[in-house]
Amino acid sequence: MEDDAPVIYGLEFQARALTPQTAETDAIRFLVGTQSLKYDNQIHIIDFDDENNIINKNVLLHQAGEIWHISASPADRGVLTTCYNRTSDSKVLTCAAVWRMPKELESGSHESPDDSSSTAQTLELLCHLDNTAHGNMACVVWEPMGDGKKIISLADNHILLWDLQESSSQAVLASSASLEGKGQLKFTSGRWSPHHNCTQVATANDTTLRGWDTRSMSQIYCIENAHGQLVRDLDFNPNKQYYLASCGDDCKVKFWDTRNVTEPVKTLEEHSHWVWNVRYNHSHDQLVLTGSSDSRVILSNMVSISSEPFGHLVDDDDISDQEDHRSEEKSKEPLQDNVIATYEEHEDSVYAVDWSSADPWLFASLSYDGRLVINRVPRALKYHILL
């Protein structure tokens, strides 16, 4: 059973920002933002044609500045946010804005893979997230499964909840909270939990993870020294409401139960340099992706702490007598956690990995040299999980 070869797409600029087009659940589509100091920056809309194993692309100009973070609306295929650098009075500021792509590009491209002659189109600015009083924006996260009207941005030591009004053309600051403590505290990343009616957000600053209640903007849990060095990223298990994963500069990936934060439930130490990204699969939470500046992407099978630790359990009525004994044996033993695959198509630091929002078995990774790689979960594992 041969696996499909990875598909590689090269951007002409350096890049570190990647997101699936979250509201698109039929076509496999990713958005990539570039980081160029000399030229106009771009957002590449990457369409993956699964049947022919080829990539089609469209390019949008992002003239506001180099893109550090990109995030797509869960409700509107055409709307996205970016965090970008701009210079003002010889200072560099990281700002955030909400944009709309041209209507005809929302549902993908029919451009041939090698057609680079077409002119790039520009994004329509819907609104800025005003950060004059709050500092540099680290990231923007959308309310999961929401109507695309609520976002949270992290700016220096502030967590800001925004209401998007008038078709996203106006961002109103609904509430905010600040990190208090010694030194210059700064958020590095955050995720919005899909559980608890979307009332919880987790953030990382320095080596600490914190949970926040978005209704009162108060802290609900705190994991100090979650990592030995800076925490780079975190993600919530989509199927287990108290579980989250974190990764950092100590080369580790840790899994936490927020009801008992004294120590991690599990720790992975497979990378040899900083781990920049951790992502749970949206459907099968045992599948966890990580990307690191050791230039590798690792797919792990964390089945023992997943929502199906005994594998796919079959209903008793569905089992014939001959199968009965075999399946009983199988279901008694929890399956073992392991590294499924290490992907080594990158030659530079991998700053972003993410799953497709349309195909649960497909993911993309992006390295700083502008190389985007599309890979799939190995077929043998896919069928093992499904059957």
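Keep in mind that glycine also has a Cβ here, set from the backbone N, Cα and C atoms.
Keep in mind that what you see is a predicted model, and the values were worked out from it rather than measured.
These features come from Swiss-Prot:
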- 322-335: compositional bias 'Basic and acidic residues' (COMPBIAS)
- MET1: N-acetylmethionine (MOD_RES)
- SER320: phosphoserine (MOD_RES)
- 310-335: region 'Disordered' (REGION)
- 4-48: repeat 'WD 1' (REPEAT)
- 124-164: repeat 'WD 3' (REPEAT)
- 172-214: repeat 'WD 4' (REPEAT)
- 338-379: repeat 'WD 7' (REPEAT)
* Structure fact -> Ranking 124-164, 172-214, 338-379 by Cβ pairs under 8 Å to the repeat 'WD 1' (4-48) puts first 338-379
* For the repeat 'WD 7' (338-379), what is the mean per-residue pLDDT, to the nearest integer? -> 97
* Intrachain residues whose Cβ lies under 8 Å of the repeat 'WD 4' (172-214), provided they are six or more past its termini -> 130, 134, 136, 138-139, 141-146, 150, 152, 154-163, 165, 220-236, 238, 241, 244, 246, 248, 256, 258
* Structure fact -> DSSP puts the residues of the repeat 'WD 1' (4-48) at 0 helix, 25 strand, 20 coil
